[in-house]
Structures are given as C-alpha cells and as structure tokens.
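According to TrEMBL, the features are:
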{"type": "BINDING", "residues": "C298, C377, C393, C433", "note": "[4Fe-4S] cluster binding site"}
{"type": "DOMAIN", "residues": "288-456", "note": "domain 'DNA primase large subunit C-terminal'"}
{"type": "REGION", "residues": "467-492", "note": "region 'Disordered'"}
Amino acid sequence: MDFNLKKRARHDVKVEVISLEAKYPHNVMLYHYPPTEDIHIDEFEDLALERLRLLRVFDRATTKGLRILSDDWKEYVNAEMTKDGLRGYLRMGMASSGTKHEADVQMRRRDYLSHFILRLAYCRSEDLQRWFVAREMEFFKYKFAALSTAEIKMFLDANNFQIHPLTEEQKDEVKDGLYESTVGQSVSKIELLEFYKVPFTQVLDLVRTRRCYIKAGFAYVNTHDMVSIVGARQLEEIELGMQAAKAFIADVEADERIARMIKSLHNSYTGKDYTVCRDESVPIESLDQLSKTSMPLCMRMCHEHIRSQHHIKHGGRMQYGLFLKGIGVTLEDSIRFWREEFTKKMDVDKFTRSYEYNIYHNYGKKGSMVNYTPYSCLKIIKEMAAPGDCHGCPYKTMDPTSLKAKLSAYGLSAGGIEEVMYFVSRNHYQFACGKYFMLTHNSTVEPTINHPNKYFEESQILMGNRQKRAPGPAPASNKLRTGIKGGANRSMLNGDDDDELWRIAETQEKVYQSQKGIAEAFDDDLDLTEIIE
C-alpha cells in the first residue's frame, strides 16, 4: 500500500484591493451604489454631523431667498462653508486646478459615505425626505456647476449618459435658434459653447423658463445647463435610495447607539460648544446691563421675569441658568444670583432645600457629574411653554401683537419691527433673531444665530469686549455616553440634558406628596426640584 500523501492543487484566492481614487474618481458622483467599507462608529457620527452642517448651509441660503447658482447664492454658500469649517466641501465646489491631492480623494470619500448615512436619518418621514432631497440636490448642482467642459464629458461617459455634443454640421442647422434662446451670451461665445440634443421632457425646467431651443420635440441644451439633465438622474437615484433605506431602517435601528443618533439628528445642534466659558468671567452685577445690550430676546425676557417676579419655573431656570453658565457666570455667582432673587419670596432654608441642588447639577457638581450644555436655538424653539412660563422662543410663542409691543418697548422702530415680523410670519425664528441683532447693534452684517450664547458672544465681540476665537474641540466630558464620540455632546443628539434631574424630582415628589397631600402637589413651586421641602 502506498501511504504517501498526495498534494492537493493549490488555488490562491486573490483579493482585489481597490484604491480610494478608483472608488471615488470624481467630485461629482451619482450616489448609485451604497458603500461597502466598514467604518468605526466614531467616524459614523462625525460624518453625519459634518454632512448636517453642510446641508444646513444650503437651507439657510434657500431661506434667504437667494436664487440657486446665482453669484449672490454662491458667495453666501462659500462664506458659510468657510465659517462652519467645511473647507473640504468648499473645494469640491471650486474649479479643478488639475493637480491631484490625497486630501481631495479623502474628501470625496467623506462626501459619499456621509450622504448614505444621512439617508438613514431622513428616510423616516415625508417631511424629512423632502428637506433632505432638496438640500442634496442643491449641493449636487453646486458641485456640478464647477466642472469644466472636459470634466462634464468625462462625467457623462462615466455614468452612461447616452448623449453627445452636436457636431459642427448639426450645430449650423439650428444656429439661429441657439442664438435666440441662449440668454446672456454673445454670438461669439455661443459659437464656442457645446450643445446637446435631448428629448424636451428631460429638461422641463429649462422649457418652463425658456432657456433652451426646442425643435421637433427635442431641446438643445448648452454645457452650462447640463445640470438640468444630470440633476434629473441624480434626483431619481436619491429618491429610489430613500425608499430602499426605509425598507431596512428597522434592522439598522436594532443597534441602539445608531438608532438614538439618527432619530434625533435633524434637530441636533451642530455649532460651537458653549458648555464652559474658559476665557471670560461675567459678574452677576453686570447682568442687568448685559440683558439690554447683549442678550437675545429669549434670555432677556427670562432675566426680566426673574427680576420682577423673583421666581421662575423649572423650564426657565434650566434655559436661563445654563445660558449664564455658558457666558461665564461662575457656580458661586450663580448660586448667589438665584438665592438673592428667590429669597425675596421665601426663606433661605427653602431655597437651599428646593433649588440649590439644581444649580450644582447644571454645573456638573452633583448627580451624574455631567457639565450640561446650554440650550441651542433648536431646542428652545421646540420647547412647549405653558401659560405663565417665560422660557421658549418669544418669536414662536408670543402672539404678533404682544411681540410687536415688546420689540417697540425695546427700542425698535416701526420699520425695524416689520423687518423682524417678516421672518416671524414665515416661521423663520432664527432669522428674525438675526435681524433683531442687526437692528439693535447697528450692524451691517446679519449673523447666523443658532445658539443664544453665540448671540451673546457675537454681541460682545462687536462691542469690543471679547476677542473672536477659533472654535475648539468639544470637551471629553461632553461626549456621548453611549460610546459614540467625535464632537457631539449629549444635548446635541439627545436633547435630554436633565433626565437625571427629572428622575430625582419624581422620587422626591412621591415623598413630598405622601407628607403634604395631593392638593399641595399641584402648586407652582412643586415642579421638579422645588418639590423638596
């Protein structure tokens, strides 16, 4: 018997390694195939928040009424991208220099991945889908408008568009129509342009605005207007992709870390972190003056309420107390401020038992030891203020007559009030706040207001009391405790800054009710931490 082992034939498995440049060859891609690479959950969050900041830039441009791809629109978008630290996306909308950089290839990757991540967050309702698709199409057109004629040809070939530029003979046949229909170009420039012949149904927007020549059911489109043709394909790709994402979103949300983020992403705050003011200290003796000069309407009204009523409900204490912390009021000064006001209506022991813990908790000195983040405009606008409350966004909660009277009392002219009310009537509350800033500071530049502390900071910088500083990374203590990191804190994504405080209050309320009786439990002073006695 032959016991010699026979060698089996070896079949080497070759793993094809595709370079990033091969995966993402162009700045403008149709987002057709979902990405297959694995990414860390930290990067998943980073990409989502960065993409959200980008889309909000285009949203603000739309809200301002700027015509897409106009010079004013491009100037505004470029400036906002620069200000928001989105220089990588800014480069994608600029004409190519012809030199390849590794950073540009990495940016294409971030662009591609982040688009698909946000599909997961925005596929869950019709309103979210509508907002997302509109903003994505604006970004697509922004990038496409920067392509050269040669790059447009490459794009059409790479994406199998079965259209080709007219030959000189074909162009001569319809040149009179091209001269008449091409607006804003001289005859000499029109002769240098390339034109494409497509069914008119593919460019209905150009037909509607009379920006193309039509003959025998075909439209003749120049290079600059090709975005209408390719945009239709991109729109179809995104809409089909959103349907596909909606079909398997339940599987994605099985991971609680991802589910919490994508569910709250649209309402998350993506601006500068105002948790702690490290460079400035604001004495409480200056708050009366600062409320008139540098506080937004929401905080000024809270401050005046406290001064006149010597009390404020829990929602107002959270909103205004965290704002004070963010502008530079120390823990010791904050306790002194609240104590001095509240003890005009109650004794010191009552204040210590019922309210002092809340202040320590907000500064991260009690309970979970988390240094909580001041409320952003998005969170304040969402607040449902009840009668007798002074928190929330006044532009949203106040009726027009009362709001006009308040603005007049604060010194705005009749014309200025109408400018603010123009945005209020259209539910653009943050733009109304920006207009109020301009009018009260005699500023020629309207700031983008997305946080009350940003309003205060911009005011102080304009008045020469603070220096403008580059935003730094968020402190580690504010990272998500679910394990997701990368620049977003709890309040940015979850909006539940005071969950623990509410749980404490519920426990204390049960004790209080057993001792004091149900009737007393509905007293105004019994909401949240003031129920302790």
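Positions of Cβ are set from backbone N, Cα and C atoms, glycine also.
Automatic, uncurated: that is what TrEMBL annotation is.
Counting every protein chain shown, the Cβ of C433 ([4Fe-4S] cluster binding site) has 25 other Cβ atoms within 10 Å. Listed in chain order, the residues near the [4Fe-4S] cluster site other than C298, C377, C393, C433 are P296, L297, I380, I381, P394, Y395, K396, Y429, Q430, I449, P452, each with its Cβ within 8 Å of the site Cβ centroid. Within 10 Å of the C-beta atom of C393 ([4Fe-4S] cluster binding site) sit 23 other C-beta atoms, taking all shown protein chains into account. In the predicted model, residues of the domain 'DNA primase large subunit C-terminal' (288-456) average a pLDDT of 92.
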